[in-house]
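Here's the structure, in structure tokens; my notes come after.
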Amino acid sequence: MSAAPGLLHQELSCPLCLQLFDAPVTAECGHSFCRACLSRVAGEPAADGTVNCPCCQAPTRPQALSTNLQLARLVEGLAQVPQGHCEEHLDPLSIYCEQDRVLVCGVCASLGSHRGHRLLPAAEAHSRLKTQLPQQKLQLQEASMRKEKSVAVLEHQLTEVEETVRQFRGAVGEQLGKMRVFLAALEGSLDREAERVRSEAGVALRRELGGLHSYLEQLRQMEKVLEEVADKPQTEFLMKYCLVTSRLQKILAESPPPARLDIQLPIISDDFKFQVWRKMFRALMPALEELTFDPSSAHPSLVVSPTGRRVECSEQKAPPAGDDARQFDKAVAVVAQQLLSDGEHYWEVEVGDKPRWALGVMASEASRRGRLHAVPSQGLWLLGLRDGKTLEAHVEAKEPRALRTPERRPTRLGLYLSFGDGVLAFYDASDADALELLFAFRERLPGPVYPFFDVCWHDKGKNAQPLLLVGPDGQEA
């Protein structure tokens, strides 16, 4: 117990304020603090209702904190000792023990537990240790700066999480909202179709039913007549019989055919579900971009309409290209005036029965002069048609990748670009109600891009058909 007096003051001091405990409480982890100090440092409880211990960061429940009466009594007893005196010997604390880093009295230093330790007079220790304060203060400031940076990073991350969740919820709400609108419209359309079929079938069947009731009534009447004729005398019987049988044969000959009604309603099958999904997929696409061709970029052989939504290759000899770096001088191509740099975009191009073309995007920094090398590493992501038969994806290879031949040649192409997801997808948009995926590049684009259109040479009129940009109203130029 001889070691206790020198350290008792430290043991009964709050690790936060470094003063003797005032209303001490003990956390669930075992560390003790002044109640006021813990409340000030721990701050507001987390979502689970706990606060972190300032010493070990272990969670503790504020409601589990209660005054540590044993500590409080020890502090009360220690407070009776005159300040600056040994708790055990009541002598002045005049010597500093460097080994244990505590003030001790002469008895503790010469006879007690600090005998043989590195000892200094209190005055000398005061002067020496005071010179260390600036360095310790600097270390404290550096530690504070590091933690403040950590706090700033965490607060920024928290803000990013909140913003990401907000955007996610917004996107989910928007997409599901579109789905609900689409499905509600589809349900209404199918319900109206079912009601139309029910109404028309009801009218037709009631008409047939009325005819059958009338015919059955005639048969019943003839049955009564036959019963009446059977009881007639010979001469009258024979005269009536001929008339009755003649009438009966006529009625039987006029017998209406069995009622047949072909009810045409969609069958709720897997194919029906797939078709609904295809239609809904199109409905979820972003709104059509309002693109226009950039005349300043067009090859000299190309003619751009005044509306900027139609371009074709002229069969007349064109003048040579100028020195404008924005203009294509070899490729019979043109880009849109609109630069795309982020978000989602969707546009459609009417290609009709044009046998040769290429569509996609071009990096804003890619060169438009000379022969173009249509691969992603050169800033071009393209899908094209060759010889009116073969669809080709211009991937990173010596030759374009030939795709499977579609059942029908697309007459309208839909292009979907998502910078966030790193997707450039090409769809057959010929069907006004559905999209069919033809090919997709799945890589993040290095920067802004322009929608790109390779019209290709007119080939003596064989490839003279124009390319048409579809406007937001769904109509070509």
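Glycine is no exception: its Cβ is also placed from the backbone N, Cα and C atoms.
Feature annotations, reproduced from Swiss-Prot:
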- Cys14, Cys17, Cys34, Cys37: Zn(2+) 1 binding site (BINDING)
- 14-57: zinc finger (ZN_FING)
- Cys29, His31, Cys53, Cys56: Zn(2+) 2 binding site (BINDING)
- 81-122: zinc finger (ZN_FING)
- Cys86, His89, Cys105, Cys108: Zn(2+) 3 binding site (BINDING)
- Cys97, Asp100, His114, His117: Zn(2+) 4 binding site (BINDING)
- 135-232: coiled coil (COILED)
- Ser255: phosphoserine (MOD_RES)
- 271-475: domain 'B30.2/SPRY' (DOMAIN)
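DSSP places the residues of the zinc finger (81-122) in helix, strand and coil in these numbers: 6 helix, 11 strand, 25 coil.
Ser255 (phosphoserine) has Cys17 as its nearest neighbour among the binding-site residues Cys17, Cys86, Asp100, Cys105, His117, going by CA to CA distance.
Proximity of distant same-chain residues to the zinc finger (14-57), defined by a Cβ-Cβ separation under 8 Å and at least 6 residues beyond the stretch ends, is recorded for 64-68, 71-72, 75, 78-79. One residue stands out among the binding-site residues Cys17, Cys34, Cys56, Cys86, Cys97 for having the most other Cβ atoms within 10 Å of its Cβ: Cys86. For the zinc finger (14-57), the DSSP counts in helix, strand and coil order read 8 helix, 9 strand, 27 coil. The Cβ neighbour count for Asp100 (Zn(2+) 4 binding site), using a 10 Å radius and every protein chain shown, is 16.
Of all the binding-site residues listed (Cys14, Cys29, Cys37, Cys108), Cys29 has the fewest other CB atoms within 10 A of its CB. In terms of Cα spacing, the binding-site residues Cys14, Cys17, His31, Cys56, Cys105 all stay beyond 10 Å of His117 (Zn(2+) 4 binding site). Of the candidate binding-site residues, Cys34, Cys97, His114, the one lying closest to His89 (Zn(2+) 3 binding site) when CA atoms are compared is His114. Within 10 Å of His114 (Zn(2+) 4 binding site), counting C-alpha to C-alpha distances, fall none of the binding-site residues Cys17, Cys29, His31.
Listed binding-site residues: Cys53, Cys105. The one with the lowest count of other Cβ atoms within 10 Å of its Cβ is Cys53. The average per-residue pLDDT of the prediction over the coiled coil (135-232) is 86, rounded to a whole number. In space, Cys53 is the closest of the binding-site residues Cys29, Cys53, Cys86, Cys97, Cys105 to Cys17 (Zn(2+) 1 binding site), judged by Cα positions.
Cys29 (Zn(2+) 2 binding site) sits 17 Å from Cys37 (Zn(2+) 1 binding site), taking the C-alpha atoms as the reference points.
In this structure, the C-alpha atom of Cys14 (Zn(2+) 1 binding site) lies 10 angstrom from that of His31 (Zn(2+) 2 binding site).
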